[in-house]
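Student: Here it is, the structure, as structure tokens.
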Amino acid sequence: MHVSRCLKSSVLEAVHFGRISYSSGLEVQKQFFERIKKAKAYGRVRRNYLLLLEHDPVYTVGLRSHVYSSAEEARLKKLGASFYRTNRGGLITFHGPGQLVAYPIFDLNSLAVRSEAESSVKVGVRRFVFLVEEAIIQTLHKFGLTEAARSEATGTALNCNTDLRWFHEIIPCGLVGKEVTSLTKEFGREVCVSDLLRPLSETFAAVFQCTLEFHDNCLSSSNLLSIG
């Protein structure tokens, strides 16, 4: 996708939290959602957020959680991972150390993204998903993974140097016969989460045509209060 000149309609704050539990990740998302909600109540939203983190080992299942029995839940917990039944779509997946998870917390009405392929600068849900995928694909291209296809970049979690044995215990996202890989495995060299933090943030800002502000080491409440 070719993106023309940047409108700089809003600020994208990329916030890195390091490694936190899944429950803490949910709480952080709620906090930033409330920030946007409050900003909307007082006027135009000028800041959107990209939350960057690693999770402690956790298996999560979506709305079809009934597919996974309590016995299966207990088996996975014995491996040393947490287990959460969530209200997201999709089937089971794993998050853990060495995997960069990105949670975009955006007010779509605040975005104005100009593109040669679109007559409108407005961003609806479908276009938002497309742009998130585009940001991930462009980031992978920066690292030399030119074969990344749109159908392969359906989420916002990138395995950098994740222990892939966690995935051997499940059928990730219900994709039978599909192998999970990592950037370290593909490149034959160590690729860490820290290597992707700024490239991913910069690409998100470019794709969504926002001005980037990057915040690192924001795990403490005092650092959180200083953001935005």
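Even glycines carry a Cβ here, placed using N, Cα and C.
This is the feature table in TrEMBL:
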DOMAIN    44-228  domain 'BPL/LPL catalytic'
ACT_SITE  CYS173  active site, acyl-thioester intermediate
Student: DSSP on the residue listed as 'active site, acyl-thioester intermediate', three-state: which is it?
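Tutor: Reduced to three states, the DSSP call for the residue listed as 'active site, acyl-thioester intermediate' is helix.
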Student: For the residue listed as 'active site, acyl-thioester intermediate', write down the residues of its own chain that are at least 6 apart in sequence and whose Cβ falls under 8 Å from its Cβ; none is a fine answer.
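Tutor: Same-chain residues close to the residue listed as 'active site, acyl-thioester intermediate' (Cβ under 8 Å, separated by 6 or more) are GLY90, LEU91, ILE92, THR93.
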